[in-house]
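Listed features, source TrEMBL:
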type	residues	note
DOMAIN	A:223-347	domain 'ABC3 transporter permease C-terminal'
DOMAIN	A:443-593	domain 'MacB-like periplasmic core'
DOMAIN	A:666-784	domain 'ABC3 transporter permease C-terminal'
TRANSMEM	A:221-244	transmembrane segment
TRANSMEM	A:264-291	transmembrane segment
TRANSMEM	A:320-344	transmembrane segment
TRANSMEM	A:365-384	transmembrane segment
TRANSMEM	A:390-411	transmembrane segment
TRANSMEM	A:438-458	transmembrane segment
TRANSMEM	A:667-689	transmembrane segment
TRANSMEM	A:710-737	transmembrane segment
TRANSMEM	A:757-777	transmembrane segment
Amino acid sequence: MTRAVFAALLSHWKRNPLQLFTLLAGLALATALWSGVQAINSEAKASYNAAAATLGEGTFDQLIRRDGQPMAQDTYVALRRAGWLVSPVIEGRLDGVRIVGLDPLTSFGGLGPVQVAQGADIAGFLTAPGQAFGHQDALDALPPGIAKVVAPDVAPGTVIMDIGAAQRLLDRQGQIDRLIVGPVQPIRQAPLDTIAPLLSRQIAHTGSDIGRLTDSFHLNLTAFGLLSFAVGIFIVNGAIGLAFEQRRPVVRTLRALGVPLRRLMALMAAELAIMALVAGGIGVALGYVIASLLLPDVAATLQGLYGATVAGTLQLRPSWWLSGLGIALGGTAMAAAAAFWRLARLPLLAGGSPRALSMAAGRSAQVQGLIALALLALAAALGLTAQGLIAGFALLGTMLIGAALALPLILDRVLALAERLATGVRAQWFWADTRQQLPGLSLALAALLLAMAANVGVSTMVSSFRLTFTGFLDQRLASELYVTAEDPAQAAQIIAYVTPRTRAVLPIASAPVQIAGLPAEVFGTRDDATYRDNWRFLQTAEGAWDAVFDGDALFINEQLSRRSGLTLGDTVPLDGRDFRVAGIYGDYGNPIGQAIIAEPAFTTLFPEIEPLRFGLRLPATDVPALVTDMERDLNLPPSATINQAGIKQFSLDIFDRTFTVTTALNILTLAVAGFAILMSLLTLAALRVPQLAPAWAMGFTRRELGRLELIRAVLLATLTATIALPLGLALAWALLAIVNVAAFGWRLPMYVFPLDYLKLGGFALIAATLAALWPAWRLSRTPPSDLLKVFSNER
Amino acid sequence: MNVKTILLCLVPVFAQAQGFAGLGSGADGFAIPQPDPQFSFPADHGAHPDFRIEWWYLTANLKDADGTDYGLQWTLFRSAMAPQTQEGWDDPQLWMGHAAVTTPDDHFVTERLARGGIGQAGVVADPFAAWIDDWRFDGIDVGTLSATGPDFGYDMQLTASGPFVRQGKKGYSVKSASGQASYYYSQPFYDIAGTLHLPQGEIAVTGTAWLDREWSSQPLSGDQTGWDWFSLSFDDGARMMGFRLRQTDGADYTSATWIAPDGTPTPYEDGSLRATPLEVSQVAGRDMPTRWRLELPAQGVDVTVQAINTQAWMTTSVPYWEGPVTIDGTQSGTGYLEMTGYE
């Protein structure tokens, strides 16, 4: 019996291939976007983890020299012999490749994902010439001599080798950059300051944790993926709902023939599960294609923005297949839940007559309106009070779902108004007919609404970030040229050389400190108009700059303020000296706390730190000549000077890459929404014939009917886009003011970009028009005999 | 895989030092022990980098004021990747330290690894100093000994009350019928006193200690799977060393040295010593003999050797069993038992 029932159920799809296609394609697209974004995110995160594991960053405490200089190898041995279980690391760059040298005998578990092949030759790793582990391209950049072993787990652009080999390769014999402190130490050890007074201990999970830094970027991607998925599920929900309605007679017949409801439902569920798996499989494969197309840009963005290296190529991870198929199954279950619920409660012989989807929708309009209202009210309440990540996401969710539910009702009211205002029979018929069609299209329009709103929201956020960040760069990179010296002697030489040719030479010196128990760096700043003129503060006290340069106040960044709770007027002790907080400034992209004090105060507190970096103020036109002269006369390498214009251009390039990714996702989500509209219109087309036949009989030409059909789609899309704009702005606000603050500790000011929105609206209209084109064309070509049949046959 | 894997790859290097099975590798370029050695002290207390493996292996039987038994281990292994030594990271000499304290109920273990050539670990013959990290063994006739771990440590003073004793034939200790051998001498006559730092507090202890010095390049033959090694300090002042090397065919290769109270050794060749397991304990998921009958008929020895703590399992990168024992029978006393190669 099971087989016969199954065959009967499946025959529906044979008769309605378009519905089957809608269902599979919607699900596949939803899965594709979701799993593509997940793939990008997980690839990036795997890269960070590899980097962190390589270096023990974020996992272990580290000892470094206070002045940032390398330490002598003897310091390492002295610490070991004083009972400190520390492991040495040397790090450097050679032809663009990051060389990491470590000692495998003392390094701690989980450190250095070096793939040693079975039966590897440890002696080969430890003794000259040594072995280097890394990606092929990184290995290729190494000079010959050292043995090269391909190891995919090593962070991209990095090679790992024995510390001895690394010292030799970097020509830094006897030097160590940092010591990783083992998680377990013996019962006694000599105090650090008696053994190695130059070293300071950096607590784990501080500044260098790239993962935290890039979370904002990944959050954007995830939001995109989730919204695309929601849009796809709307399509699937529509397709399943329609299929179940149309199959009511079949269900009634089967049940009348004695098939138990339970078995029938089980078979229908199995049918859907198979489709979900097929569509999910296609979706994951598509997602892989999307991810591999976007990944190079994402990798470039992350590298440029945060210095996080991400492999530009995708590795196929089994976890995606599982999560992709899982999400397809889950999405189908979500989309089909309502249909199953209705089926389960259906009386045995009821529902034989086919009903348009619209009637069911119309009856529940009131309920839907109430739910939408409740959700939007909740969103408003959350918007006023929400703090924290969970509340932020709850706000996003209630807002979007509430708006999607409210959309058909709002459109209905607008159309009713238009109908009342319309003069002439044709116009009135047009509005009434549009209203009548609305329930059938409402799911597709809700998908369009979500896609539009997501695009407006995310692009507002990204663009706001770009504006803020470039403004911030202007403030921070006020000097026209930056020079880095190798040692104090060279620094003095540079100062003497450039002073006659510049308006000001501004030293940049910093020291790692603890402020309110949090790791932070403090900068010494010279009293110069450069700072007074360019710096913008989030909050500032009266006469702040004077107070700072008097030596009894400091500025802190927003992150430090939010994390430590320090506000204007609070006192911060630094090495036994008290400073008052005189200002709080935005410091985007910096993961750790920062404070600024006057240069004399800095010199008193940290006499051992001599500035090696300098900002030079001079007319921008003089910069190239000065750089050339310095390189010639002082024998400076090109890397020692950084042209401000160059940095800014670099940053803008990065943002343009970010936009490539954002734009690509924008277009994809809009395409999905357009697809939803196309499918809805095609599905409705068959149902529409009886409604259109009388209009045709009364004198509308088929061509005219087709044109009106097209106008209707564009009109509905325009209305939807109009509603999507405020929703998208609200979304952007929630992302910037609540989610960002909770996730990263800084609030970005929101900017609006009307031209961008106009362009987006244009895209949405194009999508809707393209979607409506074919159904309208088909309508205009409906054979008159089909229209006539309506009158001869009461169906 | 990660650095732990590298450590696992190092295991063979040190497993060799521990004399484990499956390591019948060639001695490529390394010196080979020859019969009838002429030891020269203090030079031979130092390292012999032209041999592949070497150890300074001290075990002690201790008692506190209440008469509770304790065991203590301080071991420094040297394992060479090449028969030479040089300054810096390229030195092919690798070092491994094991330290342990055994109580009747607990067993504390810790391990250190270090590269030669940078000063982190090494041995100097005169004045004698052996160290790895903060662990030290300074002075060989009168000396101090210390080690620390995450949950224990000790500081001891040593005084030798007898001479160094050559094991085997004048220090040439044969390890298999096919002739594999090592250089081997001991100092079995240390009086030891000091403090154990244990989680329950500081414990003052006194007792006797035994130092083994052994170096070679290929200690076992290919068909030997592990060994059972005994160092016994009898209450009458005599000492006895004995080992049994187990072979894949089930046969044994045994060797023993009887040491009179004045330090005069009498070596016994294969077959003179009989070691019979009497009782096994479940240790780290395997059965290990923790009660033995040990017979050396030539010296009228027939004793039962019982582990003070059957769970003296060394959870080091090369795991093995090492712990203090008590002796009853024709003689009484205390000693140390080491068992390797039990799967």
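Backbone N, Cα and C atoms are what each Cβ position is placed from, and that goes for glycine too.
Here the domain 'ABC3 transporter permease C-terminal' (A:666-784) has, by DSSP, the following mix of helix, strand and coil residues: 103 helix, 0 strand, 16 coil.
Across the domain 'MacB-like periplasmic core' (A:443-593), the model assigns an average pLDDT of 83. The transmembrane segment (A:390-411) makes no contact with the transmembrane segment (A:320-344): fewer than 3 of their CB pairs lie within 8 A, with pairs spaced 6 or more apart in sequence. Against the transmembrane segment (A:710-737), stretch A:438-458 shows more Cβ pairs under 8 Å than any other of A:320-344, A:438-458, A:667-689.
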